[in-house]
Amino acid sequence: MQSEKRILMRRMLSMLGNSLLETAACYPYLLLYMIYAMGAAAGWLLPLICLFHALGTFIGSCQADGKKALLPTALLMAASLLPLPVLGIRAAILAAVVLFLAILRGLVVGRKEMWRAVQLNLPLAGLAACLIVYAAASRVQELEPYRPLLYFMGLFTLFTFLLRWNGDRVRYASNAQETDRQLLRRILSRNRWMTWLVLAMIALLSIWNGLGEGLAYIKHWLTGLLKGLGGSEHPEVPEQLAENQPEPMKPPLPPATHSPKWVHILSQALLFLMIALVAAALLFLLYRLVQKWLPEKFRDWIARLAQRLRLMREIRSVSLDEGNYVDEVEKLERVRKRPGRLRKRRKAELSLTDASDPRSAYGSLIHRAVKRGYRFRSSFTPSENGAALTADREYTGLEANDVKRIISRYNEVRYGVDDKPEGKPSSKGGRV
């Protein structure tokens, strides 16, 4: 039961958000319609259009699920005649037509489930119309009082469009990556918070200079809304008669005074502090997003790269004194190929034990051992190699005394001593 209620609540909130977006996008057209067609700019007509659009969307969604909703549809159509007793005949009929169109649009959106994803055509057209009407309102006397509301509706349309479009793109990407539902909700929540912070910063910077004018306009709009709901008993005075009547005496206005300097400094400090807080919150959310939900492949690639760099740094930091002893580099001539296997084997054995060149004998011994699986290491001295070779006869096929004799002759020729001590000298290093 609770899950069904949550799903229903989310659907209703999504429908309401779509209705708010489409109503705000249509405000420039509605303003021109009210001023030049109806002849009266009724402030209560805009929220009523949004309400009827949302109700029509909900009824259309029920019809898309296979439910019959003839009675709610008929009642909603009848409710579109509410402006008749409030306005005049002509203005009331035109207002009823607008409400009827809002209901039809809501039914279409609900039946086709267009509220699930943002529609690009209507919000973009509304933003363009809002920009054009706002620019033209500075030269048209009838539209001049509505410039702040046009500006506010333009910002609201832009912000709502960005929020819904951003959420749709995240859902599309998560479906393509087969992300689970819980992770998707977290990503949407973080993404929505980041978008809200950016939009709040833009809104504060936009209305900072015109804050007093905006509050005055909201007061004027609320007053007009209450008067419209209560009905106007007094007929409007024609403009020609109003111009002929003498203006009453007005008290002289007080001289204009500039705000104190400390007020200006305090306002600037608060503005900078707010910008710093918003920037810090954005950076924190971006860090959390990168830390938790960065793609795994990219994170693994970064980890492997860091591991390789760390390994290279460790290899470079190891000095020769701390590592194993590496013998001095000495090139050993390879034994030339001899024809015939038997002759080659006999002469190879003779060259190992009775060769006149101890270096060639040692080199042949090492080459034979490597071919038979001996793991030669450059850090071993000749004596250490001899000890390893005498431990296993399969490497050389010779007796231990023969191997020791070859090693002893090599050490005597190279180092000038009978045997190489096992200690690790501090002389220069190399490879055998």
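A Cβ is built for glycine as well, from the same backbone N, Cα and C atoms used for every other residue.
According to TrEMBL, the protein carries these features:
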| type | residues | note |
| --- | --- | --- |
| TRANSMEM | 12-36 | transmembrane segment |
| TRANSMEM | 42-62 | transmembrane segment |
| TRANSMEM | 69-86 | transmembrane segment |
| TRANSMEM | 92-108 | transmembrane segment |
| TRANSMEM | 120-137 | transmembrane segment |
| TRANSMEM | 149-165 | transmembrane segment |
| TRANSMEM | 193-211 | transmembrane segment |
| TRANSMEM | 269-290 | transmembrane segment |
Problem - Criterion met for the transmembrane segment (120-137) and the transmembrane segment (269-290) (at least three Cβ pairs under 8 Å) - result: no
Handout entry: Criterion met for the transmembrane segment (92-108) and the transmembrane segment (269-290) (at least three Cβ pairs under 8 Å)
Key = no
Exercise for the section: Rank 12-36, 42-62, 69-86, 269-290 by Cβ pairs under 8 Å to the transmembrane segment (149-165) and hand me the top one. Expected result: 12-36
Practice task
Sort out the residues at least 6 away from either end of the transmembrane segment (12-36), same chain, that have Cβ-Cβ distances under 8 Å to it, and list them.
Solution key: 42, 45-46, 49-50, 53-54, 57-58, 61, 94, 98, 102, 105-106, 109-110, 114-116, 118-119, 122-123, 125-127, 129-130, 132-133, 142-143, 146, 149-150, 153, 156-157, 160-161, 164
